[in-house]
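K.L.:
Sharing a structure here in structure tokens format.
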């Protein structure tokens, strides 16, 4: 009887792939070997100095080191630079924008929105090539409902199609992320941990629409 292959989860920061003991060649793992720095609204990997203001894009920065996958918890290099006080939440504007039709990315794309249901009535005007005075926020692009997109909501990152999108399709953190006095966490669910990999494992606390183009 053939023995079942056991897949393991790599614990390196920036990898998180699955592997087997028999299929783990050198160079198969791409990861970061030093912790992140959060200061003045900027997220930066201290090992490769790559940075981003957007938290979701920051997490997508590919690792700068290669090696073998491992199940051992990584020991990250010490990061001396750290903020002495809480960083002003960079995503606070998103919560405010969701109350406005003009700033809602779903309304701008002409899709139905549970928060601003009446906006769907303006969709035919928004998709027209002729400029209209009644549409204050025409869409930047027209989305094919069958086109695969990547959700940019914090804590999600899944691929979805607009035809399958609905008000509970996405599990995410509305945020903001809090980094203060060696603690990492989410203000939305009031969970704080000490290790960055533990922070990445905090399960999402909210549900809503997948969003490939969140308001900034």
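Every residue, even glycine, has its Cβ placed from backbone N, Cα and C.
What you are looking at is a predicted structure, and each value in this text was computed from that prediction instead of being measured.
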K.L.:
In TrEMBL, one of 84-103, 104-123, 124-143, 144-163 is tagged region 'Disordered'. Which stretch would that be?
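P.N.:
Checked against TrEMBL: region 'Disordered' maps to 124-143.
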K.L.:
Pull the DSSP breakdown for the domain 'CHORD' (10-69) and write it out as helix, strand, coil residue counts.
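P.N.:
For the domain 'CHORD' (10-69), the helix, strand and coil counts are 5 helix, 21 strand, 34 coil.
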K.L.:
When secondary structure is assigned with DSSP, how many helix, strand and coil residues does the domain 'CHORD' (151-210) contain?
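P.N.:
Across the domain 'CHORD' (151-210), DSSP assigns the residues as follows: 8 helix, 19 strand, 33 coil.
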